[in-house]
Amino acid sequence: MIRVGINGYGTIGKRVADAVAAQPDMTVAGVAKTSPNFEATQARKRGFDLYTAVEDRADQFPAAGIETAGPVDDLIADSDVVVDATPSGVGAENRSRYAAHDTPAIYQGGEDASVADVSFNARANFEAAADADHVRVVSCNTTGLSRLLAPLREQYGIEKVRATLVRRGGDPGQTDRGPINDILPDPITIPSHHGPDVNTIFPDLDIDTLGMKVPATLMHMHSINVTLERDPDAADVRDVLAGQSRIMLLDDDLGIDGTGPLKEYAQDMGRPRGDLWENCLWGESVTMDGRDFYCFQAIHQESDVVPENVDAVRAIAGDADAAESIATTNDALGI
């Protein structure tokens, strides 16, 4: 069993902890929190050993009636792999701590690519992370783009990618995010950071990305145009995408016309926290015009990187190849 520590038990960390706990070959060594909030309480209720991430705040946990197992360094030392799910920038600060314990670490997409030996997407470059000490799972949007582009590239070749990302202003629990009543080019300059981030997975890919922020919390939306090297018909492309385990091709007759019904669909399916780990791609939007491919896809920013973190653990451990790991993760989560 691979012992996985999770440093940071917020939006991503708590989901990764549950996903790791569901795997047949992994166990949660513990989770670390900076403060004794409701998430810390729930971590203990779920049976996870809780470690304190900030020494100066360690006494706040017993004062709040929350039992802890020790400082985060104890968790790192006791883990085969640590998933760093701390806020952007904190992971880079933690890098030396993981190195001091000789514990491999997985970082999130909010960190600069230089924090890791390799940026990771299970569908696109699983083998690149084999035996690495520091791996960065790319961001939610880059994950969604990589999952889509990998099969298109393999089947048809790609000449050029153009993607407009309509991004949610904040997660449902982020009361300090916005905009509230505005539509923002974000950034105003082109490209947005997503294109260069995709190039950490596909270094030679020609891609332009534009970003926007809108007053929504549920999901991101991508408007995609890819000029392929071949000119397949739309039905053929739909079949290829339908065969991807982490692309949910939405049938027309489902009546899902936006991200609101999508989240309702996830809840009706019994998904934990209403999570959608897959790209949600409207089958009806798949269009070919000559060699130009078009589609719309929605990305659940709180959860699509979760299975990627699980696969990154196996890649580092060297216990499975890409197909085996993806299948095991998917089966355990119900993807």
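Count begins at 1; order follows the chain as displayed.
Just so it is clear, glycine is given a Cβ too, placed from its N, Cα and C backbone atoms.
The record from Swiss-Prot ties THR11, ILE12, ARG168, GLN301 to NAD(+), and of the options GLY70, GLY110, GLY243 it ties GLY110 to that site too.
When the binding-site residues THR11, ILE12, GLY110, ARG168, GLN301 are compared by Cα distance to ASN141 (D-glyceraldehyde 3-phosphate binding site), the shortest distance belongs to GLN301. Residue annotation for D-glyceraldehyde 3-phosphate gives SER139, CYS140, ASN141, HIS194, GLY195. The furthest Cα pair among them is separated by 13 Å.
DSSP gives ARG168 (NAD(+) binding site) a strand state. Overall, the recorded NAD(+)-binding residues THR11, ILE12, GLY110, ARG168, GLN301 cover a maximum inter-Cα distance of 16 Å. When the binding-site residues THR11, ILE12, GLY110, ARG168 are screened for a Cα within 10 A of the Cα of SER139 (D-glyceraldehyde 3-phosphate binding site), the ones that qualify are GLY110.
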